[in-house]
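Annotated features in TrEMBL:
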- 70-448: domain 'Cation/H+ exchanger transmembrane' (DOMAIN)
- 504-641: domain 'Cation/H(+) antiporter central' (DOMAIN)
- 649-819: domain 'Cation/H(+) antiporter C-terminal' (DOMAIN)
- 55-76: transmembrane segment (TRANSMEM)
- 88-108: transmembrane segment (TRANSMEM)
- 120-137: transmembrane segment (TRANSMEM)
- 149-171: transmembrane segment (TRANSMEM)
- 183-205: transmembrane segment (TRANSMEM)
- 217-239: transmembrane segment (TRANSMEM)
- 245-268: transmembrane segment (TRANSMEM)
- 289-317: transmembrane segment (TRANSMEM)
- 337-356: transmembrane segment (TRANSMEM)
- 368-392: transmembrane segment (TRANSMEM)
- 429-451: transmembrane segment (TRANSMEM)
Amino acid sequence: MDAMPINEGLPSNVTAQMRNATGQPKASSTVVCYSPMMITTNGIWQGFNPLEFSLPLFILQTAIIVVTTRVLVLVLRPFRQPRVIAEILAGVLLGPSLMGQIETWATMVFPQRSLLTLETVAHLGLLYFLFLVGLEMDIDVIRRSGKKALFVAIAGMALPFCMGIATSFIFRHQVSRNVHQTSFLLFLGVALSVTAFPVLARILAEIKLLGTDLGRIAMSAAIVNDMCAWILLALAIAISEVDSAALSSLWVLLSGSLFVLFCFYVVRPGMWWLVRRTPEGEGVSDMEVSLILTGVMLAGVCTDAIGIHSVFGAFVYGLVIPTGPLGVTLIEKIEDFVTGLLLPLFFAISGLRTSIQKISDPVTVGLLVLVFVMASFAKIMGTIIIAALYTMPFREGIALGFLMNTRGLVEMIVLNIGRDKEVLDDESFAVMVLVSVAMTTLVTPVVLGVYRPSRRLVGYKRRNLQRIRHDSELRMLACVHTTRNVPSVLSLLELSNPNKRSPIFIYALHLVELTGRASNMLAAAAASASKPSRSGTGSSLPPITEHIFNAFENYERHTGGVSIQTLAAVSPYQTMHEDVSVLAEDKHVSLIVVPFHKQQTVDGGMEAINPHVRGFNESLLTSSPCSVAILVDRGLSAAAARMATEHHVALFFFGGPDDREALAYAWRMVEHPGVTLTIVRFLPPDYRARSVSGSSYRPSAVADADSRAITISTEGKSELEMDEDYLNEFRTRNHGNEAISYSAKMVANSEETVAAIRSMDNNLHELYIVGRRPGEAGSPMTAALEDWMENPELGPIGDMLVSSDFSMTVSVLVVQQYVVAGAPAPVAPAPAASSDPVRQYLSNANQRPAAAASGAYRTSAASAANSRWSGSGAVGF
């Protein structure tokens, strides 16, 4: 028979039921008769109902909880709500508040007899999640957080703690009937004063504040707050043991202190010994990982035996494990399973315990809400006061106060433990859960509405390479996703000829996908700090980021004329291009270099590594505030290529803004003493017949041009005329340079273009440079290639060069120029800035001037001045 209550008033907490049933009677105890549940069934064909057996029922419950949670995550994503809100709401939805009202659901899917199994597994998941939280917390971050973050944490915890205790004490007879007064005040004070560090980290990353000063202060303060919250929680649990002897609470505190000391002074040195004995480049063995993970359960058993909740032991145990390769290995082993499958069970248990029907006394509800609001207000006011003392803006102080009011896992743990200890009754528990959800829901919209970081939207002219001198400083943003991207980027930088006369300033940006893990968010906060403040704290960075940073910084030390600033950005791939665009505009970057989404395999083919990278590249091409180059590495990063003393580069020139930008980049390369440049210009057959005066080739006016764009006068020149001018200037300034050769090829259609490129010696060159959109729109030279593009982000020529039909040993650099919508300037033009103070620019992909079908080239009398600059039919260079 099923579990059958003897009388009404059955405690919904299964742990309490079992304690009551096993010989610890209290005044309100009830006896529950449990029948032994079979684990597995013999099957429905033999007349058995699977839902009457524990394992099939548990599997069904877990599946329902996980699916419901994921659906709610998708529903709440447009509102930028953290995942914890969806997980708590999923529990409330499945519990007695809503679905539990259906009799069949309550008795078949979530019967009372099954909750013991569900609660046990949920607490196991909670145990390992708190181990991960401790593992991801860097104690050094607390040590380096500074006085500002420390005072924000203290003020954000002390004031609401005191306010919560004071107001609860005043109304104790209304809200804490039949419970131990001191325990109730302590539990409520802790629940009101905590800040959920994992939830806060996720919110900061999603609203793009992780790398700001506000984000760093909030993260550091949340870590300090979490540490204090666990100490107070241990104290509250010790005092709540009201049935024990008077000295028992003291013994609990002393034993807990000894456990913490043992972890820090015995376990931590042992972990360091394990790290040191692991050979460099090798991971921790599976046996050592298993022993460490077993230690989590032993730590939980120890603290549970002491009288403190088992999650406290797991948290401290995770805190003492050194960050670095060991921590990363442990996180990779268990995090997805724990956070994706086991942790939602804990929130479901919280929701199954939350019954809105139990909220019946309006006085109790009103007073609890008042206590919560007063404590939240005290936290905001305390944060504003500290912010004012440090001369932070008022709006920033309010935003920081709301961020510190982020609730989540820690508060749920506190409330559940309080209910386990019978310090909180059903009504108080339900009200506190719902109010906590409401408070956390408010954080994101309030912070977005109050805090507007002051970005200087001041336009700068150096948005593409053609607008700056080839020997002036070049500011580049180099994006890398993995360590494999680094050698090719460094090879490209070396070819770009950095020297003291024409220096290059590089912003090396490691792009990290936002996975919800606190570890990579902490890494971004640490990596966003300046290089001096980061020195000696490499352990706070994950190994991949640290290796990438070290590679760039070593290159800077051994190369003259290069200044490198390393940064990290954590963001979902869907919005990652926004972070890159903002950084490029803030740093006045002229060129962004990003890796191609495919990498070369051993047999020479190309395979996609991360499909999200392609979407990122496409989004960046349409929204970038400067020129963009996509680098396809097919041997450029090889050691032999990097050690070679002579490098052969080829530029395919069809005309247009992108090809001129590609020529501007190649211009920098020819200054390198070891670079040989071959320029191949493709011309239409009727090239000689055209004349400038009869040309109808003009940039077409953009009808839907953004009125905020700064128009730059082209002096009435056509695209073809600008091509000729730039080519002539390049030729004149490089007259007599034996490292540059030029040839022209007459092609009438795409087939002839492909044949001309095939005829080149592919084994000679190691890098092709092409424009993304070559020549005029609809040109017969590339029209057929555009119809068969597999990778539109590379353009027709770039896509053809990376196909398997061409050389597999030549890398390709595809360049897109940032083009400002052009219009003839008035006779007496006013400064562009005076017409629009915001000074925002158009996207080059949307505002690229279209070319007419017909056009004109002008010939140059000096076309044959140097034999190396002349080719068959070449009269226009």
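If you go along the chain as it appears here, the first residue is 1 and each next one adds 1.
Positions of Cβ are set from backbone N, Cα and C atoms, glycine also.
Worth saying up front: this structure is predicted, and the values here are computed from it rather than measured.
If you look at the transmembrane segment (217-239) against the transmembrane segment (149-171), you find at least three C-beta pairs under 8 angstroms, all six or more positions apart, and that counts as contact. Computed over the domain 'Cation/H(+) antiporter central' (504-641), the whole-number mean pLDDT of the model equals 81. Within the same chain, residues 12-13, 61-62, 65-66, 69, 84, 87-97, 100, 110, 115, 118-119, 121-126, 128-129, 132, 412, 415-416, 419, 426, 429-430, 433-434, 516 sit at least 6 positions outside the transmembrane segment (337-356) and bring their C-beta atoms closer than 8 Å to a C-beta of that stretch. The stretch from 88-108, 149-171, 183-205 with the most CB pairs below 8 A to the transmembrane segment (368-392) is 149-171.
Long-range contacts of the transmembrane segment (88-108) within its own chain (CB-CB distance under 8 A, at least 6 residues past either end) are made by residues 51, 64-65, 68-69, 72, 344, 347-357, 412, 433-434, 436-437. Counting only same-chain residues 6+ beyond the ends of the transmembrane segment (120-137), those with a CB under 8 A from a CB of the stretch are 58, 62, 197-198, 223, 226-227, 293, 296-297, 300, 310-312, 314-321, 323, 327, 330-331, 334-335, 338-339, 341-343, 345-346, 348-349, 409, 413, 517-519, 522. Listed as Cβ neighbours of the transmembrane segment (149-171) (distance under 8 Å, sequence separation of 6 or more from its ends, same chain) are residues 184-186, 188-195, 216-218, 220-222, 224-225, 228-229, 232, 367, 370-371, 374-379, 381-383, 385-387, 389, 400-401, 404.
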